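First up is the structure itself, then whatever we jot down about it.
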């Protein structure tokens, strides 16, 4: 979300300024009154992390000495095109290798290229995209291209762009406008360069966070006449779409891919089960065995964290507000406590609630020396970090992403990533998880683009279950997993189509 | 379901006979064409087990020598009432002790008695019930009584009644009509005695399997004028209700308590995680460590079985038709195979699919010597047991619930419970699980009975999420679990009521 | 151990009586002063259970009405021999089937029969045995026979004999003297009938508990001149042998098979991991999920119990006296506490210490209502059951092996198996575990019988590691497990023989 | 071991040269003929890693531009002493902070300081040490000092010294001779500076690898007259000592601390359970869920790796040569295979055998694309990396410690740390594990220094079990773990001293 990303440095373009102000207001309102749909789900998306740091976004080649803004450079790719703006087109070769490595771990997209290529289901599609620009995104973009689409792309985060990958895409002919370390003004300039093109008008939007959608909404509302649909991945962006829909202002169908089953399970349960260990190890080199840990929240993220730490020999306590999740924690072998009951004895505090101020200054005051505090949940609200910015406490940066906060009596708290998401700041997201997301996005684009008129109205839709199942099926070969097929007799007995969908919508998996 | 239970021995009462025939026809049709709602859910309910054997239904006291039918006996309880029909009223004391023991493990119902007793939320309720008659049911009935209701009760299964408990209930003044080993005719006679009473007419129905509901429907349709609602627990019964609703014939609101979150998780995941081990041990005394096992189906039941066996050192393979569940199996560390790939090498085959003929004669022919085959899924359809009733195979009953099926070359397959549900035939259902169900039923009755007119129409409803959460919260004290409460600020931030519900309806837990 | 088994009812035979008295004295002395070797190991042997009940020892066929003592019966097998004494020779056929089933699960012994049969390594061996008489023992005896040995056999426990199996053995020509429910006098009579034979003198002893050894020692000391060795399985019997050795009275080599690696791991860790769940379920039908459990002792047995309960969702606390085991418990994720700290809150107390009075009356007084108390450790000393035999407490037997002990205020403690070993009283020992033991015994007999003079002196020996490894290797085919062989180069690099032994003696596994 | 570390560049000092040559010969001989004791144990010690890279040995401050050899610098600490040789004495303050942080995680040593300080059990001890020089070693050295000892110290590895820590020690007055990046000549010069001092002669040796011991042996054999004992930590050094002992050349008692229980379990089982995950994540960012892994060797290291990966959802296969360990793998739920059976299908190959050429070129040729290969076992012998240095294969360094080896057909193998120990190259060793080792070393020094004459002869000893237990007990407070004490009655019953030792020597834990 924009307001999390950077302070507004409003530029001289008054037209843009006006829009921005209006936009910012709207978001503030949103912050005050989260609606039920967006917030209640307590979900956590990779794409939420439009915050400052993003560990996997390290630059592979050194270009730190080049201080010229890409906007001021004249660059051409080897085919003579200059319809792009990246840090350094010469880094293309290195980026290409990164893309090739990513392709090997994204077999589903590669399969999609093969299966759908004959028919070119996206022939005629003009997709404008705004996402993190990484090797995995590049595999998605080139897949969309192979399926017939034309694409133009900007970054959804001012820090996360891999310059080498952007260069490789530009070299391959993709109009990409993105670099690591954009200014606020650069950010909107890039987006504008994607959509404001002479002789080209998008008919599909792929968004991550909602900034692109809103830019078009505010600046080029007429474009929506030709747009067939929006595919949105993030919690924040989805929330904005539901807001628009509720206000009767959504003028095209939108697909919420954030809440698909596979995406949710992989972004949350399976990914966090691994990244909680990774994030803690990389930052603290601690040993898990025998440590006492309290995990706040037993949703998918909390379930993943608890399972991993229990397996490594930690003693895990859980806090919950929801009695159903609380009972699950009990049945899974965790003592359900209030944070106050264990705060003095635990070695690690992990928040996974989606809530705010779950860990307060009072809790922090009572923790024992060397207690580690980190957040796996939502945004940077869960730990009241602001309450630690008081004169009597000393902050000491001991490593990247690791601060010691020191009390007057010498007690130290180890605060990771300043309370931002640990797994995005101090760990990496496996390509396999990003593959699930990218495949889901590609299928959603195909579905919206090819849907017969009337199937989707001006509303927000969940991915059809059959597509969710298709995403899953495309990833099974990675594990050499062999699916069983229903016999005709069995399908009839169950009242199912042999090709799915196999479960009712309310099925909980 | 009736047709699973017993062969029809139609009695002389032509009125009843006509109804039965019509009824049976309807059910056969149902068997042929399962609708999507009922079957797709692939769920498994304790109450499905209206099949022959029910291990926990052992009689505690010996009364085998008493051959007189209870219908022919003259019995009175100590207060002089004879409005009941049980095996032997003298067994009341023994049954009372069983009820007292059950009370200790059903704290939620006991809490409900206390919390709701002042206001008597069921004052005026006249409940007719048809369920398994066990100590746990008795605690439910006496709770309903304490809340103000009058109850009359019959058994939903001709074998599952605990005679001592029935006697204790009769002694306490509950009109109970049930005994272990009823005939077909007895079964309907008992139900009829519950509803066909002079000067008393039910206004609530609590059913398990739908037989009571259908009896009233066929014989006393006018009764529905006074009936405020039906609470139904079983998959089968719920399916019938959806059929009625679809056909426009449902004339009162009905509550589907089978699909509540807590009930599903406890009946399936948590309960089966324990009962698969218990069922296998009690029947075969086998060692789990190092055994190769294939589990067919990775729904909640399959997940529970796999987790338990993996923890005990078995090597577990999974088969699935649904790619999403298949991917979950992969991420949980199980190789996903087709049954054919592993059938020659496994030591145990467990079905949990809800499907039919998952294990065929061909599979059985290829299994290795001493392979154990059992069903944890649905009804008795999953293993094609009928295919084993051929002349060249010899059946040898080696223990209760354990058959050796012997091939001409000497190979033996160990078939458990003749392919019926292992956990109901060869294990026991913990009182805690039954407590979840009984509490859910009680709350559903209270909700339907007290709902303002218009809240529920002539349709089938799921339990409101808030009640599901309430059931869970009533069971937390068992684990000395302490729930965290939202602060006002947090509730506002999340857009939630501090008392719940805490999740959107589509939340997957 | 004899003194645990039965009260002495000394018979009229003064010669025997004198010996018994002397023997009993010796044992009492033992009880007072356990030596370091025997007790410190804290190990637990299946064969310790020479206590009253033995669940797997149920009789398969009804012979309860036959009150005649077998000693007074005239029985002949089909070949005309009457050199045996069993309950009823007519049960032979049923017993044979049990033996055949056991053979299928004891592939190691069957393999041993095949591999060693050509050379008949026990040709000339005259083995007198005293063990539990079960189907598994029968497979062992018939294996010994197939390898060339002559055997005579008595039971080591007055309750554990399976009459049908004894009949089958007698029918096959084995002189067996044993039945279920022997008197004290019968017990010694049977042993005497095994050794006191005209024209036959044993040259090998296979003992379980040391009673047979001591009988020969006391009554027929001259027999030891021809005896080549003793193989002893139990903790108690091994302890007695070390005592004899220490006192310089051991006059033949003895093999301690109790402390072999495979036997220890299977009897303790692997077997208890399963039987703790089985024993608790069969007796209480409780649910494990969410239960708080304290396990006293973190040796092999405690490790097994803790791992199983943790996997089933229990919250497990551990008590220990040994700081090394305590640190292991921490690293495995268990809170290490003193019993007093958690005694008020736990749902289950399990002892696995080998110690006495670990659970005292004071602890029992403080337990909460419905707390389950059981012993997985050693003998029946761990829980101070005697302290519960006071007038203010009421005992109520609610099931076989389950007592409620009721305090004046109504609090009930659920005591299992009266504090005796839960896994032997309320669970069963898998055939696979017994197969490990039996194979070890057979190999030890072969080793002692064939060892060149001088290899073994008049001392107690552990099984050579190579044989331990051989026992393990014979059981690998059960799991279709494929061992890797060292190349010549690798064997040289490691300084190992390609056929083992592979580890130094102090290796901890 | 030296010969693993570097190629010999013999310097001009002919006296030293002669010794070195002789020494090298001896070691080569050792490499050819490992004895049973040293190799058979297959153990793995942190200190084995005297190989090139050592990830935790990163320098905290930048001193890369300083090219002057420390030997050529004139440095004094603030007290005016120049009896040391480190990279830069000015880094002392930074190093001091590292030491202070380490102190917080080494409570056992701090407790030892307090408990033993009054009596100064090392008063008069003159210890010469040769170990890795890290913050944890510094805590050990300062503890020895606090207990009364004088210390002089060199590094046992030319790369592992933390310059800042060495500076801090020098500043505190410890004569330390070590820096990161020593030459071969520097290495021996530093050792010589430790022992060859006017007016000071060591009476205790603390060694890690045996280089210091051998230097004294060769150069100053007379020193042994005053030396009371040697404490050696590494597998290699222990092996050398056993060689000397066997050859009758060991002239003082030596303590083998490598094989103490706590050290073994922490260095191997518990540490590797965590570091396998950490090492794989940091190098490859891979996802564990669903991956097929083969672990070669099921000793302590293999057990740790398997447990961790199974918990993370990997499917794990095991290879073994020892049937007992193989059977353990089966019972723990792993399929036991030969490497050839699964080599085509696995995603990861991990060696933990202590053997050589476990993974051969033939195996590498058959692996699938992107297969990850790494070594957790012993030295760098397990994977035949040399076989990959052939012209048709291309090596590509993709990250630090990560090479892609590319086949002509494009297949890539991902080789980690060039086959050296993954957990030392690509992960970190938790301070807690190092604390166990350091405490063991300190206690061994105290024991040898204070032992009454005659307790230890010129032989190699294991740490007395009581001390092993004491090390464990000193670490329990870290986990707030509360040990139970035996009552007098219980101690008598068990025949134990209330303060331990609690187990017989052969106990396996």
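Note that Cβ sites are derived from N, Cα and C of the backbone, with glycine treated the same way.
Where the annotation comes from TrEMBL, it is an automatic prediction and has not been curated.
On a predicted model such as this, the values are computed, not experimentally measured, just so you know.
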Checking TrEMBL, the member of D:196, D:203, D:423, D:450 that binds NAD(+) with D:299, D:300, D:301, D:302, D:303, D:304, D:320 is D:423
With D:134, D:208, D:263, D:267 listed by TrEMBL as binding substrate, identify the candidate in D:182, D:184, D:233 belonging to that site. D:233
Return the residue, from the listed binding-site residues D:299, D:302, D:304, with the maximum count of other C-beta atoms within 10 angstroms of its C-beta. D:302
Specify the secondary structure state of residue D:134 (substrate binding site) as given by DSSP, simplified to three classes. coil
List which of the binding-site residues D:299, D:300, D:301, D:302, D:303, D:320 have their Cα within 10 Å of the Cα of residue D:267 (substrate binding site), in sequence order. D:300, D:301
Would you mind ranking the binding-site residues D:134, D:423 by how many other Cβ atoms sit within 10 Å of each Cβ and giving me the lowest? D:134
Segment-level pLDDT (mean, integer) for the domain 'S-adenosyl-L-homocysteine hydrolase NAD binding' (D:268-429): 96
Run a quick check on D:134, D:302, D:303, D:320: which of these binding-site residues have any Cβ-Cβ distance to chain C under 8 Å? D:320
Please identify which of D:233, D:267 has the densest Cβ environment, defined as other Cβ atoms within 10 Å, among these binding-site residues. D:233
Three-class DSSP assignment, residue D:267 (substrate binding site), comes back as helix
When each of the binding-site residues D:208, D:300, D:320 is scored by other CB atoms within 10 A, the minimum falls on D:300
Site extent for substrate, whole Å (max Cα pair distance, D:134, D:208, D:233, D:263, D:267): 18
I'd like the Cβ neighbour count for residue D:301 (NAD(+) binding site), meaning other Cβ atoms within 10 Å of its Cβ, all protein chains included. 30
Taking only the Cα atoms, work out how far residue D:301 (NAD(+) binding site) lies from residue D:263 (substrate binding site), in Å, as a whole number. 13
Residue D:303 (NAD(+) binding site) CB neighbourhood, other CB atoms within 10 A: 24
DSSP says residue D:303 (NAD(+) binding site), in three-state terms, is helix
